[in-house]
Amino acid sequence: MSEQLTVPTMAEFMAQGKQPEVLFWVGCAGSFDDRAKKITKAFVRILNKANIDFAVLGAEESCTGDPAKRSGNEFLFQMQAVTNIEVLNAYEVKKIVTACPHCFNTLKNEYPGLGGNYDVVHHTQFLKGLLDDGRMTIEGGQFKGKRITFHDPCYLGRANNVYEAPRDLIRKLDAELVEMKSCKSRGLCCGAGGAQMFKEPEKGNKDINIERTEQALDTKPQIIAAGCPFCNTMMTDGIKGKEKEGEVEVMDIAELIANAQDL
Amino acid sequence: MEYLPNILFAIALVLGIGYFANNVRKLIRNIKLGKDVDVSDNKPQRWKNMAYIALGQSKMVKRPIAGFLHVIVYIGFVIINIEVLEIIIDGLFGTHRIGHQVLPESIYGFLIGSFEILAVLVLVAVIIFWLRRNVIKLKRFMKDEMKGWPKSDGNIILYFEVVLMCLFLVMNATDTVFQGYNSGNIISQFIAPWFDGFSEATLHTIERTAWWLHIIGILVFLNYLYFSKHLHILLAFPNTYYGKLTPQGQFTNNEAVTKEVKLMMDPNVDPFAAPPEGAEAAMPEKFGASDVQDLSWVNLLNAYTCTECGRCTSECPANQTGKKLSPRKIMMDTRDRLEEVGKNIDANKGTFVDDGKQLLDNYITREELWACTSCNACVEACPVSIDPLNIIMEMRRYLVMEQSAAPTELNNMMTNIENNGAPWPYNQMDRLNWKNE
């Protein structure tokens, strides 16, 4: 598939002596994970459609250090952070948007103490902002009346108290937003956080993503909406484990909106 | 001989309060074994948190049944203790119901009347609490870490409260002078007839016995606190005051590491130069925590504050899916180890003598630590702002930075980040390939 995405880099902007409105921090999952790349592209399609002046770091981006920090490797985290901050500060970045709550949390909360001060927003907040400013419109389209449940990413919800932006966007799709038994501040983790994504779980009687998928399936959804590439993977695996791939889809909020706009 | 009761009372009071004060000193000393952290910022917000969360019980009522019952016991505890003031004055000066003499009858009656109603409400709430632990057997009270002493402790506290409330009501019911006022005996007037056949002298003996047992019971209960999870009735206040103010997702950046990293990144530093005088001392002796002394004093205050309600554990995704991790156990282990260290210091004239044990492995296993998803559900659930996640993270830091003892898959992930800037083995130069795929 060779679609035309406009994805300028910071280096290109700088060469022209310009600053983009916002830096899109793609993140490792968004750059390399096949499922997450689709989220990245969906978000870019929305940005292109809305004519947003954005840029990415491309090959100058590196892991924020989040999984290293949550594993206990403070040294590796700070090495990553300080290196990234040097790049970001050299480009005089002011505003960052990212579709990964882990990058979001780290950039927003843990970089300032190391000299990186930016206005960091999650892509659901950014999209909500575009909507509120009239720079983007959403119509229900194909999602009208569909049952959608939203899985709160821990690092977006509890960690940073962002509960409403993703929900507001789902409501704009004229979809029926249904809440799980544990939601918002009591949302159950998908099982990937704290670097669990990169290791086998400890011995127990169930995998966390299965528990969470069961909670989601209890709401009889047609779509499980997510706002994090790792949650997306965990919930997708859960749905496969429950053999419900035919009935329930796991989609990022950006994908919902891009699809609703027929992008 | 006339003053004998007054003297006995004064002795009981001094002993009770003195022993308690001594244990509070120990408590403070033990908490101060933790590392110093700066929590002097944002005082208005801290007072507000204490007012809302501890005083106002705002997080307790997130679970409505337990929350409602707890509010009753809490209000009962605070208000009925006003009565203790009268008991102390009476006891010391040999007066009888001094409040009735100094307050207008209507106010005194109103006060005692409300104490009596609250006493009954507390009794009901406490009985329901007991049923939840022993008959309904709520899951969170049945976890492994709740076997043995913690289970008994929970019940002993409830028995204490039942006995104290009953003594209070009996004391009022058999107090013929008080019943004579016929004001404020709103509950005890219905208990008084149970003692109808008794002589005046017997009634007086029962009343005095109940009075003495009541105040002695309170003093014993006060001293029981230090040996019990029930310390939360005091420590919830400082604990909510010193609770985390930054977003839950924000973990602290280790300053010693920052210095080291900045030095490494500084192109003007000669990598072969000898470190300047005192540079060694600036480095911490170790990264992370393997024992209680490596934790911050706020972590240790957290541990003493925990009342083992288990809301954290019941919200923990790892625990819900059968893993060994229980945030409540993390707090209980930290407290138990801290107590052990404290006793060691007491036994060795004020210095800690290595006992070959530590918090890691002897109390908290690695399996527990690595099961955490850092999701903050435990932190959110705690009604008194305890942060078990912070302890887990400090201990992971020790495992990784001091012992290089991360699970193999995590070591692979970290090697990938070091080598190519992503947790997976992809080339950093390929980060934008998705654009053309």
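Placement of Cβ uses the backbone N, Cα and C atoms for every residue, glycine included.
Per TrEMBL, the feature transmembrane segment maps to B:6-24 (among others). Listed as Cβ neighbours of the transmembrane segment (B:6-24) (distance under 8 Å, sequence separation of 6 or more from its ends, same chain) are residues 88, 91-94, 215-216, 219-220, 222-223, 225-226.
Positions annotated as transmembrane segment by TrEMBL: B:65-89 (among others). Long-range contacts of the transmembrane segment (B:65-89) within its own chain (CB-CB distance under 8 A, at least 6 residues past either end) are made by residues 13, 57, 95, 97-99, 111-112, 114-115, 118-119, 121-122, 124-126, 128-129, 132, 161, 168, 211, 214-215, 218, 233, 309.
Here the transmembrane segment (B:109-131) has long-range neighbours at 69-70, 72-73, 75-77, 79-80, 82-83, 99, 103, 155, 158, 161-162, 165-166, 168-169, 172, 178, 181, 183-188, meaning same-chain residues at least 6 beyond its ends whose C-beta is under 8 angstroms from one of its own. The transmembrane segment annotation in TrEMBL covers B:109-131 (among others).
Residues annotated as transmembrane segment in TrEMBL: B:152-171 (among others).
Residues 9, 12-13, 15-17, 19-20, 23-24, 26-27, 84, 87-88, 91, 156-157, 160, 163-164, 167-168, 170-171, 174, 233-234 of the same chain lie 6+ residues outside the transmembrane segment (B:209-227) yet bring a C-beta within less than 8 angstroms of a C-beta in it. Residues or ranges marked as transmembrane segment by TrEMBL: B:209-227 (among others).
For the domain '4Fe-4S ferredoxin-type' (B:297-328), same-chain residues at least 6 beyond its ends with a Cβ under 8 Å from one of its own Cβ atoms are 27, 30-37, 39, 63, 66, 139-141, 143-146, 150, 153-154, 229-232, 235-236, 238-239, 242, 334-335, 338, 365, 367-369, 371-373, 375, 377-384, 386-392, 394. The domain '4Fe-4S ferredoxin-type' annotation in TrEMBL covers B:297-328 (among others).
Summarised by DSSP class, the composition of the domain '4Fe-4S ferredoxin-type' (B:362-394) is 18 helix, 1 strand, 14 coil. Residues or ranges marked as domain '4Fe-4S ferredoxin-type' in TrEMBL: B:362-394 (among others).
Applying DSSP to the domain '4Fe-4S ferredoxin-type' (B:297-328) sorts its residues as follows: 20 helix, 0 strand, 12 coil.
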